[in-house]
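A.B. asks: Supplied in structure tokens, the structure appears directly below.
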Amino acid sequence: MVMEGVVARVRTGVLKAWLLSKGIDLRGCVERRDLEDEAKKLNGQENDLEAFVVRSAAQQEEEEGRAKRRRAGSTPAEAAEGGSDFVKCGSFAGALPGFSFKLGKEGLGYYKEAAGVASRAEEVPTKCDTSTRAGPGPEPSSSSKRNCRHGTESADREDGFFDGWSIKEIKRWLGDRGLGTEGCLERSDLVARAMEARRGAAVPPAAPSRPLSPPAFELMRVDGVHPSGRRLQDLCSGSVRAALVSNYMIDAPWFAQEFPDLVSSEELIVCHDGKSGMRREAEALWGELKRARLRHGLGSGGRGRLVVHAPDLPIPYGTHHSKFFVLVYTDGRLRLIIHSANLLHGDCTHKTQAVWFQDFYAKKPGDVTCAFEVDLLAYLGALGLPRECGGFLGEVGKVDFSKARALGLVASVPGYHRGGQRDRYGHMRLRGILSRQRWPTEFKESDLVCQFSSLGSIDEKWLMSEFTESMASQMASDREWFDREVYLADLEREGVKLGKFFPFFHGQLHLVWPTVAEVMGSLEGAAAGQSIPGYEKNVTKAFLQPLYRKWGRCPAAPHMKFYGRFSSGCREPRFCWAAVGSHNLSKAAWGCLQKKETQLFVRSYELSVVVCGTEATVPVPFQWPLKAYDKGRDVPWTVG
């Protein structure tokens, strides 16, 4: 492909700038190959990329010229000592003959074209290479060679010291001296600040370091609280051809108004909770969506398809609680969105919610099926969608999910799961995902945290043994797979009494649950508490009281569900993994083991995504560091 050849010769910074100018979302691009993959999707725009490179090079040369003019007065020998990172190229894409293009020292560089054949420009020596020196003068000492590229104070000239340095090198030079880069919008700003530091002028100290990695998931927007968060309405916009919407509660008129691109899609499938007594609500939902689609010219004359489906609930007290979107766009991509909000106005505007999303593309020849795809398709199949939805499910099966920015999916499906099915759902699936991970040593004895908006009827043994074992799972460091039975036998031989709790976890378990004062002081006041159903008989159990931690000062009441493992010794949150989605803390959602752990019993439909915290930033909306309830003062929120 022509595009592939052009992309390979463009410097990383320029490639990133070009993609951003095209409106491409680069949050998930961690390495250069990620940028190249995004650029290759824009096949056919090679000329535009080449023109962008020319403009960038022109701007760089102009900046270099300004810098040289500012150094007027320096001797030719001094100017030559700084070296040059520029090389003359014959022509670039037939334009600007004799133009100068800047080469990165890593060798990515720009390229020259002659007779239609593109070739790499030869590598340019750095300042430390004495072959670039001009004019008479003594050979630089070995110490000068070492110092000239690392910012150490030397006998080098004052002006032009940072010529040829990359932005990253200048930032590192400032950072090594505890100096900040706030307010430096261009390279010239960084150079000016660095020169001030060399002259001994006062320079602002560095701000606390912030991770540069992309977020593992995001918070939903709440005006005045999470203003930079995401709106589901924005994530679900665009040329959507087919959509699957799954949720527990759906306000049909509000949904039809706020999600016009979904309502007007050719195929709309809506999964909702259909427990007994909600038939009237289901009929109202179907009627409202049908009328809304008629306004878009769909539903008459055989145009379009609307399916409103309530998955079977075979076990009492179970619910269809999963909250996600599967969107198929006209350009062939598929967007998967997993979140924690009911499709209600208050849930999406006044409560703290989490959302994970990613775009996926069609498989190529040779692409293999991955675990993420298997789990997603298995869950969609378990929903029992009508036969007419088979075409939609077939399209999902043609998508490549191997690049998912997640460790895996955790689905819950009602039933008594035995044999191989036992480990496919609920906390046993979480256990399976985590048992294949080996974390850095700082997480070996680290703590666990659970934050949720509904608390079921759980007992101490289930929470502190069964569920904690799943959350604390990881690959053993001394053997390929953790052998639970061997470990238990070793403890028995050593005379260790195991008791009823999980013996492998030595950290603490924290449960983030809001106090009465926090709920009453939220944006919605007491009304927010109706979406935090913790019944008094469940919340006030004695064994839970020492585990409760405050939600904090965030005025948007919690409705997100968050589980993770974090490094206990850090003031800033550092997680090795986290999970967000629809799972609340209950046996109904996560399942419980029965019959000597040979069977997993689950009541509800749920879906969450597990992300890696060591490779991405984990946003934490609740109070950090975690703070226990004040005895005699803080009371956990309850309803009923």
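In case you wondered, yes, glycine gets a Cβ from its N, Cα and C as well.
Please treat TrEMBL annotations as automatic predictions, because they have not gone through curation.
Computed from a predicted structure; not experimentally measured.
Pasting the relevant annotations from TrEMBL:
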ACT_SITE  HIS321  active site, nucleophile
ACT_SITE  HIS559  active site, proton donor/acceptor
REGION    57-81  region 'Disordered'
REGION    121-156  region 'Disordered'
SITE      SER586  site 'Interaction with DNA'
A.B. asks: In angstrom units, rounded to an integer, how far apart are the Cα atoms of HIS321 (active site, nucleophile) and SER586 (site 'Interaction with DNA')?
C.D. replies: 12
A.B. asks: Within 10 Å of the Cβ of the residue listed as 'active site, proton donor/acceptor', how many other Cβ atoms can you find? Include all protein chains, please.
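C.D. replies: Excluding its own Cβ, the number within 10 Å is 23.
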A.B. asks: So of HIS321, SER586, which of the recorded positions has the fewest other Cβ atoms within 10 Å around its own Cβ?
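C.D. replies: Relative to the other recorded positions in HIS321, SER586, SER586 has the fewest Cβ atoms within 10 Å.
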A.B. asks: Roughly how many Å lie between the Cα atoms of SER586 (site 'Interaction with DNA') and the residue listed as 'active site, proton donor/acceptor', rounded to a whole value?
C.D. replies: 15
